[in-house]
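Visitor: My questions all concern the structure below.
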Amino acid sequence: YFSHRPKEKVRTDSNNENSVPKDFENVDNSNFAPRTQKQKHQPELAKKPLSRQKERLQRKLGAQDKGQGQSVLGKGPKEVLPPREKAPGNSSQGKDLSRHSHSRKSGGGGSPETKSDQVPKCDISGKEAISALTRAKSKHCRQEIAETYCRHKLGLLMPEKVARFCPLEGKANKNVQWDEDAVEYMPPNPVRIAFVLVVHGRASRQLQRMFKAIYHKDHFYYIHVDKRSNYLHRQVLQFSRQYDNVRVTSWRMATIWGGASLLSTYLQSMRDLLEMTDWPWDFFINLSAADYPIRTNDQLVAFLSRYRDMNFLKSHGRDNARFIRKQDLDRLFLECDTHMWRLGDRRIPEGIAVDGGSDWFLLNRKFVEYVAFSTDDLVTKMKQFYSYTLLPAESFFHTVLENSPHCDTMVDNNLRITNWNRKLGCKCQYKHIVDWCGCSPNDFKPQDFHRFQQTARPTFFARKFEAIVNQEIIGQLDSYLYGNYPAGTPGLRSYWENVYDEPDGIQSLSDVALTMYHSFIRLGLRRAESSLHTDGENSCRYYPMGHPASVHLYFLADRFQGFLIKHHVTNLAVSKLETLETWMMPKKVFKVASPPSDFGRLQFSEVGTDWDAKERLFRNFGGLLGPMDEPVGMQKWGKGPNVTVTVIWVDPVNVIAATYDILIESTAEFTHYKPPLNLPLRPGVWTVKILHHWVPVAETKFLVAPLTFSNKQPIKPEEALKLHNGPPRSAYMEQSFQSLNPVLSLHINPAQVEQARKNAAFTGTALEAWLVGGTWTAMDVCATGPTACPVMQTCSQTAWSSFSPDPKSELGAVKPDGRLR
């Protein structure tokens with residue numbers, strides 16, 4: 001490659017979305033260490049000599065093809081690999097990747113599909129390819145890895161030289177000015193925008209609120225929902241039917257972080273939009289559900305109308321050689337099994353300048369047409385090159401634009417603010433998805449609001465926002481743009497997020513979640529019977545029917561309030577089906593020692609799973625844990641002198657499972673640690689004690705739930721005994737901590753141990769009775785429809801139910817000014 005511009009100083013205000021942080025120089029980007037979860041593949045593999053790895057790999061793959069008379073890299077007569085281009089220089093590839101109707105169905109793979117009569121065979125000698133083959137789960141993926149590696153090794157995959165069509169010697173960077181006054185006057189021919197929303201997850205209400213904020217009748221909205229997010233897809237289909245200028249892609253891909261599939265999604269969306277002749281759009285803007293506007297639609301339209309010939313992309317702001325190295329552009333990647341596998345080195349094609357930065361951009365129609373439909377050497381070969389690239393959307397459009405005839409239209413600004421906090425966001429949190437160490441921006445909080453009020457630079461969107469983490473900042477921004485909702489508007493401080501919906505099927509739930517949801521239903525019905533029932537009346541007594549219908553997380557003022565379980569029941573008085581919703585709230589389990597110690601740094605302690613080091617919270621809201629889970633202990637600290645504390649984990653019968661010391665530095669805010677406990681954990685209420693100089697400071701409790709379901713079926717006695725008796729000999733670790741029991745006044749009661757042993761054999765109603773109680777409270781119950789219980793409230797009239805009014809996220813008719821908000 002060559003660069004057409006001198007090296008630039010690193011910009012301190014760079015807000016690019018790419019994963020090449022300025023302070024991330026010394027991280028090993030490889031991902032070849034064994035994974036933490038148990039796998040069939042042997043973790044010591046990476047340490048063995050390369051030749052032995054190859055032998056084992058050959059045996060493994062060969063065993064699967066046994067009887068087919070094929071070598072490791074061969075295929076049986078009926079096993080056809082996905083079609084793929086024969087060679088990078090083939091100009092027909094651009095046609096293959098171009099014109100398709102937007103009604104096309106598509107899979108979720110990111111790499112272009114290959115067609116080859118003969119599978120290339122070669123000696124797979126690269127350690128990265130061997131590692132990928134060893135870790136890939138499906139046979140199809142292993143074949144793709146082998147095929148791609150061999151084609152690359154034979155020089156059939158990557159373009160060596162690419163034509164540059166930009167007439168400029170260096171990189172163009174048009175300056176654009178932000179004039180607060182000028183944008184108040186709408187031009188006579190305002191631009192119309194195609195908003196492409198690429199969304200995933202389950203935060204449908206946050207998506208609807210964002211959509212409400214960006215909607216205008218003059219623009220167009222094309223929505224792609226990740227093919228793994230079926231609940232969100234159902235919600236999007238439902239609200240999109242209300243508006244003629246909203247369409248949902250009929251094809252769906254699995255747009256994994258860093259994957260080639262995201263670029264495929266953008267390119268296919270562009271082709272679709274260009275073929276919609278009834279949508280005369282001028283600009284393409286990509287957004288996610290974690291974005292929010294920070295200026296109004298009128299301001300955005302006035303600005304883009306003034307610069308309608310420009311393309312807005314944010315560059316990395318550092319020299320190209322370093323960018324290529326840190327972004328792994330000189331490495332070959334392949335996406336399959338919803339993972340990006342690193343397969344080895346490659347060369348950057350000669351003849352062009354490689355650029356990159358943020359994968360959030362605003363592109364004009366003329367350039368989108370060029371990228372989508374051109375079959376010239378640059379576009380064709382860049383599509384091939386970036387089909388095997390990590391984070392391709394962070395570089396493909398930059399590189400094509402900078403080397404194309406449109407190069408003089410580039411503005412080095414993507415008109416966004418991104419909330420980077422490198423210390424928190426660069427925790428290699430995507431290593432389970434990508435063979436690479438990546439970064440991600442943080443969620444905005446109320447203390448960041450001043451950043452949206454700056455008027456010097458043209459910025460129109462910000463990210464990231466997550467209502468499940470902090471909704472207050474979204475409310476502040478929404479009011480800043482569009483004014484406050486009327487006084488007394490319900491639901492403004494509430495947030496609901498679905499975690500289960502009946503069409504998902506119970507197979508989508510873990511046995512722990514299914515167990516707990518059924519327990520919550522029983523607790524709710526017990527509450528209804530005790531608080532609503534009158535003597536001699538059965539009208540408020542119910543019998544549960546089937547599995548939960550839906551489950552929501554409920555937050556109020558950014559505090560988790562518990563689960564809302566919608567479920568079907570039979571009313572015992574009239575023998576008719578009704579549908580109720582039960583609100584379950586966790587009890588407070590953190591307790592400061594009494595009398596309090598003079599150690600004042602500890603503010604809070606919690607145990608859970610799915611610790612998010614970036615946002616510093618447990619994503620397993622409510623801490624639903626079962627015997628086979630691996631809990632993490634978290635502590636939150638105030639500032640103070642360096643200290644060492646002792647953490648002790650105690651099981652339900654006072655067996656000390658683990659003890660360890662933590663050094664708390666003076667500036668530490670959070671610590672977390674997952675002790676390597678032998679499984680299964682004994683069901684019941686556990687205690688985690690925190691001591692300073694062996695003086696108790698505080699303790700927190702957590703429930704390990706015994707499972708009433710195994711593989712979604714009622715658990716059998718032999719399964720219950722195996723899962724609910726604790727680890728063999730009650731040994732959670734090789735080392736015994738029994739000598740600490742007298743020191744901590746933790747006495748092991750033989751009767752208690754015997755009762756725990758009996759509990760382990762429980763199934764059916766006995767098991768259910770053991771489970772309920774303790775750590776959760778049924779706060780309220782309501783009916784979603786008609787009910788024979790005269791004192792049962794209707795869910796839509798409560799403040800807490802997922803059926804209660806939520807005007808901030810509800811989508812209605814278009815207002816006279818063309819907006820929804």
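Note: Cβ is positioned from N, Cα and C throughout, glycine not excepted.
Fair warning: this is a prediction, and the values are worked out from it, not measured in the lab.
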Visitor: Per Swiss-Prot, which of C407, C426, C540 is disulfide-bonded to C439?
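Guide: Between C439 and the options C407, C426, C540, Swiss-Prot records the bond with C426.
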Visitor: Looking at Swiss-Prot, which of C789, C795 bridges to C782 via a disulfide?
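Guide: Recorded disulfide partner of C782 in Swiss-Prot: C795.
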Visitor: Could you tell me which of C150, C166 is bonded to C122 by a disulfide, according to Swiss-Prot?
Guide: C150
Visitor: Which residue of V196, V198, V411 does Swiss-Prot report at the same UDP-alpha-D-xylose site as D226, T255, I256, W257, D359, W360, S440, R463, K464?
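Guide: Same UDP-alpha-D-xylose site in Swiss-Prot: V198.
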Visitor: Would you mind reading off the Cα separation of C426 (disulfide bond) from V198 (UDP-alpha-D-xylose binding site), to the nearest angstrom?
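Guide: About 23 Å separates the two Cα atoms.
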Visitor: Sort C150 (disulfide bond) into helix, strand or coil using the DSSP assignment.
Guide: helix
Visitor: If you count Cβ atoms within 10 Å of each one, which of the recorded positions T255, N286, N642 comes out on top?
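Guide: Within the set of recorded positions, the most crowded position is T255.
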Visitor: Taking all residues of the topological domain 'Lumenal' (1-821) together, what is their mean pLDDT?
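Guide: That stretch averages a pLDDT of 87.
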Visitor: Can you name the recorded positions among C150, N286, C407, C437, C782, C795 whose CA is within 10 A of the CA of W360 (UDP-alpha-D-xylose binding site)?
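Guide: Of everything listed, what lies within 10 Å of W360 (UDP-alpha-D-xylose binding site) (Cα to Cα) is N286.
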Visitor: By Cβ count within 10 Å, point out the most packed of the disulfide-bonded residues listed: C782, C789, C795.
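Guide: The residue with the most neighbouring Cβ atoms within 10 Å is C782.
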